[in-house]
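Structure first, then comments.
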Amino acid sequence: MAEVDTEVPPLPPRYRFRDLLLGDQTFQNDDRVQVEFYVNENTFKERLKLFFIKNQRSSLRIRLFNFSLKILTCVLYIVRVSLDNPNGKMSLHLQGSFISFSSLLQVTVALISFLETMLITYLSYKGNIWEQIFQISFILEMINTVPFIITIFWHPLRNIFVPVFLNCWLAKGALENMINDFHRAIQRTHSAMFNQVFILICTLLCLVFTGACGIQHLERAGKHLTLFDSFYFCIVTFSTVGYGDVTPQIWPSQLLVVILICVALVVLPLQFEELAYLWMESQKLGGNYSRHRAQTEKHVVLCVSSLKIDLLMDFLNEFYAHPRLQDYYVVILCPTEIDIQVRRILQIPLWSQRVIYLQGSALKDQDLMRAKMDDAEACFILSSRNEVDRTAADHQTILRAWAAKDFAPNCPLYVQILKPENKFHVKFADHVVCEEEFKYAMLALNCVCPATSTLVTLLVHTSRGQEGQLSPEQWQRMYGRCSGNEVYHIRLCDSKFFGEYDGKSFTYASFHAHKKYGVCLIGVKREDNKSILLNPGPRHIMASTDTCYYINITKEENSAFIFKQEEKHSKGLPVPGLYDAPSRLPVHSIIASMGTVAIDLQHPDPPEESSKLALPTENGAGSRRPSIAPVLEIADSSAILPCDLLSDQSEDETNQSDEEGSVGFVKGYPPNSPYIGSSPTLCHLLPQKAPFCCLRLDKGCTHNSFEDAKAYGFKNKLIIVSAEMAGNGLYNFIVPLRAYYRPRKELNPIVLLLDYPPDNHFLEAICCFPMVYFMAGTIDNLDNLLQCGIIYADNLVVVDKESTMSAEEDYMADAKTIVNVQTMFRLFPSLSIITELTHPSNMRFMQFRAKDCYSLALSKLEKIERDKGSNLAFMFRLPFAAGRVFSISMLDTLLYQSFVKDYMIAIARLLLGLDTTPGSGYLCAMKITEEDLWIRTYGRLFQKLCSSSAEIPIGIYRTESHMFSTSEASSSQVSINVEQGEEHHRDRGESWKEKTAHRNSTTSDQSEHPLLRKKSMQWARRLSRKNKPSSRAERISQQRLSLYRRSERQELSELVKNRMKHLGLPTVGYDEMNDHQNTLSYVLINPPPDTMLELNDIVYIIRSDPLAHVPEDSQVGQARSGRHQQDFGTETRDETHL
């Protein structure tokens, strides 16, 4: 090769820049060499090998041809043997002609088979000729082909017997190779179980065929058995029946039978052993879901990293609770071996015909093909929340979602993610539920709207409302009946509920549908808009193409309509007034109150407190019973209370006291989100971001010297959040509590009690919110609780810790949390503690009282409901009914319901404040005071809210006094709540007199009647099987127990006060005697219109968006002013933590 020059020679002058770009056709490089690749495959041998062996399709054809030849030889042998029967009636001429033709055909087939065998042997030669020669297939080919070829040249050898029937073994081998080539050609494989069964069947057929043909030939010298008799003998022998009616008579045939039995005793056990091994392995792997079933049946795929019994039962119970899903199959794809408990569940006939377990990975296309992912109706991908590293669990979920999307792009994905910062990786999925987003938003709303977690949990669970209907307790029957309400949807033009309200306002349709049918219309969606609007307000005019979302016991398609007024007209009975209720107004009262309607419309000014419904003043005369303005069909701006929360900014700022340093709040969007994908929400913000040092509650800094919550002098009660670390999901706890629609004077300070101090990224995200602080500490340290201001707190939220979510023993992950909460419950009985648990079954240990017979009765009621098949057996536990305990696993049904109700996730996010759609309302609560009891019933309250402020009520949170076992002693026993009980009894007596003046005690008041209370306690004792005779000794023991409890309470009180004195905190405000042990609370979703309101009822309402009808100029101005006042707007956005 020529030496390479170190310098590039200059181009000739004729080479211009255009020639360099376009090239010169006359210029040729003489040093260019053409290289050919894979020349070794161009030889004759390699081409033959490619055609006969390597190429799947051509080799498949060759093997199919070979298999056909072997089958043909066997068929010719059978025909020839049949024609050799001396008793046959065929003429000798025809018999001789057929034998000659078959002999010629046999020779031709033998020649072709011999040449093919020699060619395959040559192509498969790898250096050892003896290995090729002594193969069984080669020996059989020589035995069946060489004698026929010799007869061509040596005619006397034509009379020799050739065991052509041995070609059946060659056909068996060709068939096995052909199936393997077929699988390679179509890129699909059957299970190993199928292949092994196929081999076993072929082996049995070959043994029977060989024995039948061999015995028939050898018995020619003896009994002259026909081919059928020989076949019959082989079947009887191999089946170990042995009738003995047909037996071989000469020793060669007997020797053949012995050889065949020995071969069968060796070959068949090996085949059966392999089959049993593959069957056991297939049981572990779960088998396959056939393509035929996938095309004729509907199925969904459930992908999980580890399958627990609770997760499986929650999914199956919720999934199959819908009638139209009864014919669906569930294919579970899990990488771990099936658990023993799960195996037992799947063996139940109810599930064994519906659920298929496959062991495999979602990252392997073979396993996805086994599950027939491309034919599935949906794929559910669930995260393992019990993992210690939840981020790693999310990463596995993300990869599974990507793999499923890559394999089956058209299959809908339902993904569950744990941490919000990982949500944008699975944004392509059809439905995504972020656990920490929902968890923190729900816990936050629990602080301002009690029992929001219970409300949402009951809404997303499928129930018929039959729980507790056989209980003698009134509250359990009402609570269980209302728990059956769910969210449904229907088009307006197809609806009987709402079809008559076409062209009417949304508020008018909601009120009259509730009044007439008992359904609660909560939202609507336009045909040209994909966003769901909760309570769009009275200015929204219903159209026939609108989709209505309503709360009811069942959907409209499953409802029957019975018009009571028509029946009463036909029977001559009087028609009821406003409501079919025991407390309906008489006719003359309705007529007398008609004059107040105009007065109500002439005074549209809002009351001083929006949470109270003021009594109408009828021209100063209070002699007539007050009435409620009707709900208008078309919105009238003068009849709706103004609710512009942006217009009071200056007023709120001027009303700020000097104690707060005259620092006002502004409304705007948080400038820095801790993760990508958070929905922007208009919030109360600080005009300037707070320094990080000022966010520390327990340490002073150069800006302030406060070191405890008391020093700050907060006007409202605190909200304390105890968490292990400041995760990005904690941001969703703060945002709903600082949303723009929360009144500024009602904002509660938020204290984050963290085990580990937060990082700067999280502090950067929360420093713009007012009255948000953090402190390093734990709930098992009394000093930390006192420093963070627990005695000034209204709510304490205990978040489940990630480090304790996994335990060696199941259900022990909540042990530390439960014990710590129980300690705080004993130390601070007046504190409302909201606890998150890992396992819902552990909620029975919350606020545990070992000797409370009523709690034990509720435990037995829970077991009864579970035996009946209820999905909400835990709903009667007092902590859950009161909204003081919550488990995120309860919201797994939200993702499952989305398969049938694709709008459930959107509605839940709107209710919890995770999404803020323009024009959509938000969830809030109002308390029924003594000034509001004139409304009397829930239906009249519905009318009052719709007509005055366009708010839609959806439920009631009711608290009742209850006599537990600790209060069952006689009046002579000593109790720590004597004085308080007397005051409470006196207050109840006064309130009872006021209530009986204007309403009957027909519904929930029955629970306060002493006789009914006595009966309920008798029921509790009967269920708990602790009927003890009343005696003097029992009263003495009750007195001693009360004295012991009092001394224990005093010891706890002294302990707390001593620690407060040691920390330099004032002991004023610690009320050791006030507790909530003698009350029970529960949620009533969409109660009937005739439900009587009670004092201190909290009503859940969906308030319309105050920004929906504000002029755009004012919105833009407010937004601009908010941005001008925030001088830290965009400088921190680049620091968003991924």
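Every residue, even glycine, has its Cβ placed from backbone N, Cα and C.
Copied over from TrEMBL, here are the features:
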- 64-83: transmembrane segment (TRANSMEM)
- 103-125: transmembrane segment (TRANSMEM)
- 137-157: transmembrane segment (TRANSMEM)
- 197-215: transmembrane segment (TRANSMEM)
- 227-244: transmembrane segment (TRANSMEM)
- 250-270: transmembrane segment (TRANSMEM)
- 297-433: domain 'RCK N-terminal' (DOMAIN)
- 600-626: region 'Disordered' (REGION)
- 602-611: compositional bias 'Basic and acidic residues' (COMPBIAS)
- 716-856: domain 'RCK N-terminal' (DOMAIN)
- 969-978: compositional bias 'Polar residues' (COMPBIAS)
- 969-1041: region 'Disordered' (REGION)
- 981-997: compositional bias 'Basic and acidic residues' (COMPBIAS)
- 1012-1029: compositional bias 'Basic residues' (COMPBIAS)
- 1113-1138: region 'Disordered' (REGION)
- 1124-1138: compositional bias 'Basic and acidic residues' (COMPBIAS)
Key: Secondary structure content, the domain 'RCK N-terminal' (716-856) (per DSSP, counts of residues)   = 55 helix, 29 strand, 57 coil
Query = Same-chain Cβ contacts of the transmembrane segment (197-215) under 8 Å, 6 or more residues past its ends?
reply = 74, 77-78, 81, 163, 165-166, 168-169, 172, 175-176, 179, 225, 227, 230-231, 233-235, 237-238, 248, 253, 256-257, 260, 263-264, 267-268, 271-272, 275
In contact by Cβ distance (the transmembrane segment (227-244), the transmembrane segment (137-157); 3 or more pairs under 8 Å) = no
Remark   = Per the Cβ under 8 Å criterion, with at least 6 residues separating them from its ends, the transmembrane segment (250-270) contacts 200, 203-204, 207, 210-211, 214-215, 218-219, 221-222, 234, 237-238
Query = Given the model, what does the mean pLDDT over the domain 'RCK N-terminal' (716-856) come out as?
reply = 85
Ask   = Counting each residue once, how many in the domain 'RCK N-terminal' (297-433) are helix, strand and coil under DSSP?
value = 59 helix, 28 strand, 50 coil
Ask   = Do any residues of this chain, six or more beyond the ends of the transmembrane segment (64-83), have a C-beta under 8 angstroms from a C-beta of it, and if so which?
value = 90, 95, 98-99, 102, 105-106, 109-110, 112-113, 116, 144, 164-165, 167-168, 170-171, 174-175, 178, 209, 213, 216-217, 227
